[in-house]
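Listed in Swiss-Prot:
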- 3-139: domain 'DAGKc' (DOMAIN)
- SER44, GLY74, ASP75, GLY76, THR77, VAL78, ASN79, GLU80, THR101: ATP binding site (BINDING)
- SER220, ASP223, GLU225: Mg(2+) binding site (BINDING)
- GLU281: active site, proton acceptor (ACT_SITE)
Amino acid sequence: MENKYTHGVLFYHEHSGLKNINQGIGEVTTALSSICKHLSIQLSENEGDIIKYCQEIKTKNYAKDVDILFILGGDGTVNELINGVMTHDLQLPIGILPGGTFNDFTKTLNIAPNHKQASEQMISAQVGTYDVIKINNQYALNFVGLGLIVQNAENVQDGSKDIFGKLSYIGSTVKTLLNPTQFNYQLSIDDKTYSGETTMILTANGPFIGGSRIPLTDLSPQDGELNTFIFNEQSFSILNDIFKKRDSMNWNEITQGIEHIPGKKISLTTDPAMKVDIDGEISLETPIDIEVIPNAIQLLTVNDL
């Protein structure tokens, strides 16, 4: 087979979520080396390293001929690479190989959840162009959330049960388990304002969160638009329905208790200040400014057969 690319760089963290990262590296390099004349394997020892390597690739200090990037890891590792590519304006395609708890965006790209299978899919995958979310000076592929979803992310980081991933089994006990905090919000979306009290606000680019599909048929990370959802205190009974369903459905069936507002530019303030979950990483607090950057990033995509 003819090599598609001159020089690929495969990034990974030692604590990627795979039980044996070195074995995992070996399993994916067979396929990746078949499409790259030269494949560099780059360990990221500390948070922020991948962003530094992206800067070196941009300035040609890393190598002069890098023309594709691969990442083996979970959503947090992928998020770091997205930030590196966007911050340093690297116009290079990215191949994502799942290696963590959740890889929500790989589902959007039709990539297999197993890293070895995913690497084999890279051989025939095509480059697709996708929107990116900008949050203050950070970037994300999939979602921005606060309230209940932050509490969930903190549970996962502590090694506790992943509430969102297990919602289908929890049902009506969600409210008791989580004891969610109400907060006041002021939201501006494309110059229209909204305010009130809520337990969770979610702005989504991709259709999968926590391993399940958001039941909104036309939600796409290629439409130049973001989708914001405001949950009210009566929403708990249908949270289960939303995250349990595996297929898209008519939003009108579950619209009670959830307000859905599409838009491109969003400003959000809360009282009190709230932590913000960006693709599973909690790194900001409100107030935040959010906008969609259309056609911002190139990702290897498996054709949906």
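The backbone N, Cα and C atoms fix where each Cβ goes, and this holds for glycine too.
From a predicted model like this one, the values you see are computed outputs, not experimental measurements.
Positions of Swiss-Prot features highlighted on the structure.
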{"residue": "SER44", "record": "ATP binding site", "contacts (Cβ under 8 Å, 6+ apart)": "PHE11, TYR12, HIS13, ILE50, TYR53, THR77, GLU80"}
{"residue": "ASN79", "record": "ATP binding site", "contacts (Cβ under 8 Å, 6+ apart)": "TYR139, ALA140, LEU141, ILE278, ASP279, GLY280, GLU281"}
{"residue": "SER220", "record": "Mg(2+) binding site", "contacts (Cβ under 8 Å, 6+ apart)": "PRO207"}
{"residue": "ASP223", "record": "Mg(2+) binding site", "contacts (Cβ under 8 Å, 6+ apart)": "ASP131"}
{"residue": "GLU225", "record": "Mg(2+) binding site", "contacts (Cβ under 8 Å, 6+ apart)": "ASP131, PRO262, GLY263, LYS264, VAL292"}
What other residues of this chain sit with their CB within 8 A of the center of the CB atoms of SER220, ASP223, GLU225, the recorded Mg(2+) site?
ASP131, ASP218, LEU219, PRO221, GLN222, GLY224, ASN227, PRO262
Mean of pLDDT values spanning the domain 'DAGKc' (3-139):
92
Three-state composition of the domain 'DAGKc' (3-139), taking helix and strand from DSSP:
50 helix, 41 strand, 46 coil
In this structure, which of the recorded positions ASP75, GLU281 has the fewest other Cβ atoms within 10 Å of its Cβ?
GLU281
Please report the number of other Cβ atoms within 10 Å of the Cβ of THR77 (ATP binding site).
25
What three-state secondary structure does DSSP assign to GLU281 (active site, proton acceptor)?
strand
